[in-house]
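A.B. asks: Shown below is the structure under consideration.
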């Protein structure tokens with residue numbers, strides 16, 4: 001991949017160069033020392049991937065990410081000195097379209113752990129995502145389960161741009177919303193707890209991480225919280241699984257949506273928000289085929305129009321809506337939750 005580096009610290013740039021040099025398939029295309037220069041470089045020489053710092057002069061990493069995604073979209077990985085200490089900025093950057101975040105590697109060679117490996121793992125993961133052209137294979141469909149006395153389930157998938165889209169959606173829901181919500185957002189497990197707390201600050205409904213054995217409850221939002229795939233079991237409870245192993249992103253939206261089709265015995269609504277790639281498109285299609293109402297975010301309001309675009313292209317969405325209309329549509333649908341939504 002051709003990689004752009006955005007960082008104003010010479011030692012950090014050198015550490016990034018050395019890490020990239022470990023893989024012959026990658027090369028440094030350019031180095032920018034602030035967000036304004038990065039935007040100019042992205043327009044003039046579009047990279048496959050940008051390694052974006054957060055704290056820089058003139059234009060910071062969050063603003064630069066937003067500007068790049070508006071004018072010259074590409075994959076962006078936040079690489080900063082201390083991700084944990086900058087968690088709120090990380091979520092803002094991911095809301096603007098960044099795919100993930102990782103600490104800047106150091107030049108120190110002491111110790112048993114290789115400081116370059118976390119960054120290389122993230123680059124490899126994004127490389128697989130960019131290389132994916134075919135949709136993921138769908139799990140075999142189970143026979144439709146009889147409907148039971150369960151709350152409606154709103155299954156939501158999101159990736160790049162998701163944090164901002166999720167806050168905009170959740171804050172529009174009433175605090176007595178009578179459905180259960182489960183979110184699969186492409187985010188590393190290191191950030192999941194912090195993201196749940198961050199979303200909780202915007203949402204009238206409580207937002208918690210989904211744990212092994214959690215049961216979706218009306219009026220509660222559960223967020224996938226590990227690098228394994230969140231799914232519903234045959235008992236209708238949430239669990240995590242490593243399979244399928246080869247997926248561009250973990251957790252997978254497709255895996256969760258297919259498990260809703262197979263194992264949720266009540267009504268369900270599928271929502272696919274902004275994101276890069278195709279994850280969730282096949283699962284949303286399966287939900288619609290099962291008779292559930294499905295929504296894809298429109299292009300105009302998506303930070304990255306990849307996942308919802310793929311869903312719309314295969315007829316997976318009952319409706320393609322701007323972000324600001326999705327909450328109202330959910331409220332309306334849940335009020336009529338015993339009707340057939342097709």
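Heads up, the Cβ atoms here are built off N, Cα and C, so glycines get one too.
Per Swiss-Prot, the feature active site maps to 159, 186, 279; the stated evidence is sequence analysis. Among the features that Swiss-Prot reports, domain 'Response regulatory' is placed at 2-119, with the record citing sequence analysis. Among the features that Swiss-Prot reports, domain 'CheB-type methylesterase' is placed at 144-337, with the record citing sequence analysis. The feature 4-aspartylphosphate is assigned by Swiss-Prot to 53, with sequence analysis given as support.
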A.B. asks: Quick check for the class: what is the C-alpha distance, in angstrom and rounded, between residue 53 (4-aspartylphosphate) and residue 186 (active site)?
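C.D. replies: Pair distance, Cα basis, whole Å: 20 Å.
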A.B. asks: Quick one: give me the count of other CB atoms within 10 A of the CB of residue 186 (active site).
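C.D. replies: Around the Cβ of residue 186 (active site), 27 other Cβ atoms lie within 10 Å.
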A.B. asks: By the DSSP assignment reduced to helix, strand and coil, which category contains residue 159 (active site)?
C.D. replies: coil
A.B. asks: Given the recorded positions 53, 279, which one's Cβ is surrounded by the fewest other Cβ atoms within 10 Å?
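C.D. replies: Relative to the other recorded positions in 53, 279, 53 has the fewest Cβ atoms within 10 Å.
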A.B. asks: Going along the chain, which residues six or more apart from residue 159 (active site) have their CB under 8 A from its CB?
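C.D. replies: For residue 159 (active site), the qualifying residues are 99, 185, 186, 249, 253, 274, 275, 276, 277, 279, 304, 306, 307.
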A.B. asks: On average, what pLDDT score does this prediction assign to the domain 'CheB-type methylesterase' (144-337)?
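C.D. replies: Taking every residue of the domain 'CheB-type methylesterase' (144-337) together, the mean pLDDT is 91.
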A.B. asks: Go ahead and report the DSSP secondary structure tallies for the domain 'Response regulatory' (2-119): helix first, then strand, then coil.
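C.D. replies: Reading the DSSP string over the domain 'Response regulatory' (2-119) gives 49 helix, 25 strand, 44 coil.
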A.B. asks: Please classify the secondary structure at residue 186 (active site) using three-state DSSP.
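C.D. replies: Its secondary structure by DSSP: coil.
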